[in-house]
Amino acid sequence: MGKEEKELTPMLAQYHQFKSMYPDCLLLFRLGDFYELFYEDAVVGSKELGLVLTSRPAGKGRERIPMCGVPYHSANNYIAKLVNKGYKVAICEQVEDPSKAKGIVKRDVIRVITPGTFFERETGGLCSLYRKGKSYLVSYLNLSVGEFIGAKVKEEELIDFLSKFNIREVLVKKGEKLPEKLEKVLKLHITELEEEFFEEGKEELLKDYGVPSIKAFGFQDEDLSLSLGAVYRYAKATQKSFTPLIPKPKPYVDEGYVKLDLKAVKGLEITESIEGRKDLSLFKVVDRTLTGMGRRRLRFRLLNPFRSIERIRKVQEAVEELINKREVLNEIRKTLEGMSDLERLVSRISSNMASPRELIHLKNSLRKAEELRKILSLLDSEIFKEIEGSLLNLNKVADLIDKTLVDDPPLHVKEGGLIKPGVNAYLDELRFIRENAEKLLKEYEKKLKKETGIQSLKIGYNKVMGYYIEVTKANVKYVPEHFRRRQTLSNAERYTTEELQRLEEKILSAQTRINELEYELYRELREEVVKELDKVGNNATLIGEVDYIQSLAWLALEKGWVKPEVHEGYELIIEEGKHPVIEEFTKNYVPNDTKLTEEEFIHVITGPNMAGKSSYIRQVGVLTLLAHTGSFLPVKSARIPLVDAIFTRIGSGDVLALGVSTFMNEMLDVSNILNNATKRSLIILDEVGRGTSTYDGIAISKAIVKYISEKIGAKTLLATHYLELTELERKVKGVKNYHMEVEETDEGIRFLYILKEGRAKGSFGIDVAKLAGLPEEVVREAKKILKELEGEKGKQEVLPFLEETYKKSVDEEKLNFYEEIIKEIEEIDIGNTTPVKALLILAELKERIKSFIKR
């Protein structure tokens, strides 16, 4: 210990020792009933948690140091706030009883909590990325629910893949350059680790699971063990003895799911609305689950819809059976309503963090699981038969908990009052002593009087001597030899016996020993329960599936939804379809039909803003998605084809912070769609081309439609305000025009929200502006200008560098720039340039011209 540390108080010297070991963490240092933060940590804690910043002496000749603290019993609330802000928190705990400590209390860092490892709250999980060529080896571990998966993902698909999981922290090799968008789009906390950490993690993973290779878990790429090992080792290194049960890793196989990239998830507003509101999301509106397991299963299924007719129909069959057997559905819901989140209980119990009450919750939930198994025996659907056969009877675990713990135990495990009478004979004896101390002493006193014949003998107590036997001087001659003298008084002698000392020890230490013994018995119970947690986890997964299916059934009953026919053909036909989210919050919702066929597979939908174009095309996407989850739909009838992907381009989801213009964002999205869509895909395009000039937008939109028609053949819905696109119906195969109907009145227009064949009569932009409340003067002026523009027939907008007259008027710098652009255009090899590449070239040229003109 250096001179500087010697000058510190012993407690602060101990603090410095641990802080030096965890310099990148906020160190919560246990002092009595508080966790304290010191120095810079205190300043951060005060700012982030709104705590009062105080100070304390640091040692002889030293200035006072900043400090602030939080009560230990509510520390998790404060830790959650820090972790959500991206901080790591090290917990430095007292590891011995302060009352028994000789000198300063022993402390140790028992756990490090990071954004991806705070499993007390369902805040998210931990991910590891390990680059291999043009792909990433990805692992995801969610400690709160025991989910551990791995996959090999192409670099261009990485963001879409990660967006399916609730990831808070990413582990990477030190110096690893991640895709630029990753942190900004997904808002992740990055933790860099040395290369050796990945190698050592791999060895630790294989050793702990007792396998020579991760191929034993079903993985094909051996290098994935580096990524899996990193998250595994990181979790164990940070959580130490509190590490929850980590299941064996499983391969993530996406071949069985409809592809939904991040744009589709945002565009269809699956987990949150475009404005970021979760209460307006599809998930929130359709959720009728009753357990945490079911809720997570529903969310996962919405993000990973089935791409298998067989799996969809099995779910539909189960949903339909529950609808037809309403009493059974009610019984299932009644059973699930009181069930705890078993996946989270497994995590907490295995990490030694579960309270006695949580074990009671486990007992009650296991009893309910057995009730559920009996209810499922009343059903005939294949899924329910499979689940019934796979649900394990864990009454033995429930019985053990029931036999050991009282029905309403205290919240904290060391408070006593946990264990039922009859579990442990010594505990029963201690409790009897505690509750009958005075009676026991009187009985012993009576026994001694009888043995000695000294009727004046009495047992007394003081703080100095403890319990004693007092005999008057006149009766000393009758005292037995086994009495040991303790004290002489003027008129009496005080004695003790071995039996009295044993009784005294039991009485005085009874409560302490009761608490210690109850804690030991609780730990033994927990260890027995931990042995069965794999089986509990198995049941949790199955119960989540039941909850997911009953949620679909209850929703269909509640809303009057109809079973769609999901088929392997091409046509998509919806009769009187509704958007489930918009219908939820709208009175007198107007349903619409959809008919996409091999002959008419591209629908160009025109109409003014606010007429319902965007809502309608999203509606088709949402209904298609729901059908692939096995859900019934808000329709009169529907034939939904199996799709391999749903693509959307809806501009409101642009991430402008990336420094890319709206137009470039749009072109990148369209490029992704045109490069990856197949004939089995569903494409939803909303106002493509609005990020550039009118004629550029029209040209690009026409080229996109033509490419989809000729090269892809995917079912496509294109909402646009460009009426010029409607001429494609005559020129391009598969195009059909539709519009959102508007009624014109003397007061203006009225939106009918009805989809009809044909093109819109006009854009009605000025009418919409009037409805929006623009001043009458502005509306009149706009109408006047519109008439003037409409009168200038034959005039067309052209780019300046194509006009000979303009060339003559520009200065030399501009002329050189335009000639350079023209030269580049002339050098384009049209024969070897795909439409997608042409769009990107056009977008780049447009950006350069815009930048030059602004100069």
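Heads up, the Cβ atoms here are built off N, Cα and C, so glycines get one too.
The annotation ATP binding site is assigned in Swiss-Prot to Gly607, Pro608, Asn609, Met610, Ala611, Gly612, Lys613, Ser614 on the grounds of sequence analysis.
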(message) When DSSP is mapped onto helix/strand/coil, what comes out for Ser614 (ATP binding site)?
(response) helix
(message) Applying a 10 Å Cβ distance cut-off over all chains shown, what neighbour count does Asn609 (ATP binding site) have?
(response) 18
(request) Out of Gly607, Pro608, Gly612, give me whichever of these binding-site residues has the highest number of other Cβ atoms within 10 Å. (result) Gly607
(message) Quick check: with Gly607, Pro608, Asn609, Met610, Ala611, Gly612, Lys613, Ser614 left out, which same-chain residues have Cβ atoms within 8 Å of the centroid of the ATP site Cβ atoms?
(response) Ala719, Met740, Phe751
(request) Inside 10 Å of the Cβ of Ser614 (ATP binding site), count up the other Cβ atoms and send me the figure. (result) 20
(request) Can you check which residues sit near Lys613 (ATP binding site), meaning Cβ under 8 Å from its Cβ, same chain, 6 or more apart in sequence, and list them in order? (result) Ile605, Thr606, Gly607, Asp686, Ala719, Thr720, Met740
(request) Pick out which of the binding-site residues Met610, Ala611 has the most other Cβ atoms within 10 Å of its own Cβ. (result) Ala611
(message) On the three-state reduction of DSSP, what should I expect for Asn609 (ATP binding site)?
(response) coil
